[in-house]
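Novice: Please read through the structure below; I'll follow up with questions.
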Amino acid sequence: MSQRIFLPDTLANWQWPRHLNPHYAEVKKASAAWAQSFRAFQTKAQEAFDRCDFNLLASFAYPLADEGDGCDLMNLFFVIDEYSDVSTEEEVRAQKDIVMDAIRNTEKPRPAGEWIGGEVARQFWDLAKKTASSQAQKRFIDTFDEYLESVVQQAADRNNSHIRGIESYLEVRRCTIGAKPSFALLEFDMQLPDEVINHPVIKELEKSCIDMLCLGNDVVSYNLEQARDDDGHNIVTIAMNELRTDVAGAMIWVDEYHKQLESRFMENFKKVPRWGGPIDLQVARYCDGLGNWVRANDQWSFESERYFGKKGPEIIQRRWITLMPKMVSEELGPQIVDGSHL
């Protein structure tokens, strides 16, 4: 008999509701066409990539945005993710160098025959930086570099079959999830000084938010990742290993830890200091954006076909799924999820 898994409803009491950007349809059309133009994947994998609808994630995460920068960034993230997941540490290091060179030198044409991720990154940042404040630009570049460095570390762990402990894993996962550069987009139209964005309360808010994103993503992605034999960088596997428990026990632990993070976030949300003037309005919008990101990530996970195929809307209600059989990939890139197995 197939093993059944219960997905904890970690956001049952989360105060931020589902909020979709009203421009979703038009920005999705433009960004999806842009992403497809690079031909980063073969036909079947590209279809699976399209079904993941990373534009939907961006439209949940940036519900007030007028531009499609968030959509383009999410598409860039997942191009990097799909390639790095099947690459060696040395290959991922080279990919990182290409992407950061492209971002730092958007006016420079990319060399013929170079990995396509460089041109995707160059085009994204060449357009996105035009609408970003100087502070937000710097923070994006710094945090994107940090994100890519952590992806190199993830590749090293994978190549060495290294399973980390919970704390060590979270240190790396806080970067591989890509939340910090995603948060930089929240402040593209803001003028937040370093002393504001680096205030201890703001930093704690970000940390709790990131940890909830990590746990939430790992819970919904575990089944697909174990089927692809790529679950070594997942809190469910990490908890099973450290706590010497099974999948059900790990899910219970994740649910309890998520509740602690939620309480910590709300406590700090109430402690956000005031600086006076328009800064306070920008800070309020930024912090609200953090809370919304948690909901956005969860909502997209079930409304797209990334993890559950067409069964997501049903699974978000019943929460029970069946452990998927092992999958063999025929092409580089995402695979279409057959929801009938869930």
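FYI, residue positions are counted from 1 along the chain as it appears here.
Note: Cβ is positioned from N, Cα and C throughout, glycine not excepted.
According to Swiss-Prot:
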- ASP81: Mg(2+) 2 binding site (BINDING)
- ASP81: Mg(2+) 1 binding site (BINDING)
- ASN217, SER221, GLU225: Mg(2+) 3 binding site (BINDING)
- ARG306, TYR307: (2E,6E)-farnesyl diphosphate binding site (BINDING)
- 81-85: motif 'DDXXD motif' (MOTIF)
Novice: Neighbours of the Mg(2+) 3 site ASN217, SER221, GLU225: Cβ within 8 Å of the Cβ centroid, same chain, sequence order.
Specialist: ASP218, VAL219, VAL220, TYR222, LEU224, ASP231, ASN234, TYR307
Novice: Should any of the binding-site residues ASP81, ASN217, SER221, GLU225 have a Cα within 10 Å of the Cα of ARG306 ((2E,6E)-farnesyl diphosphate binding site), which are they?
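Specialist: The binding-site residues close to ARG306 ((2E,6E)-farnesyl diphosphate binding site) (Cα within 10 Å), listed in sequence order, are SER221.
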Novice: In which DSSP state, out of helix, strand and coil, do we find ASP81 (Mg(2+) 2 binding site)?
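Specialist: Assignment for ASP81 (Mg(2+) 2 binding site) reads helix.
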Novice: Using a 10 Å cut-off on CB atoms, tell me which of the binding-site residues ASP81, SER221, GLU225, ARG306, TYR307 is the least crowded.
Specialist: ASP81
Novice: What's the number of neighbouring CB atoms sitting within 10 A of the CB on ASN217 (Mg(2+) 3 binding site)?
Specialist: 20
Novice: At the Cα level, what's the spacing in Å between SER221 (Mg(2+) 3 binding site) and TYR307 ((2E,6E)-farnesyl diphosphate binding site), rounded?
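Specialist: So the Cα of TYR307 ((2E,6E)-farnesyl diphosphate binding site) lies 6 Å away from that of SER221 (Mg(2+) 3 binding site).
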Novice: I'm trying to understand the geometry here, so how far is the Cα atom of the residue listed as 'Mg(2+) 2 binding site' from the Cα atom of TYR307 ((2E,6E)-farnesyl diphosphate binding site), in Å to the nearest whole number?
Specialist: 15
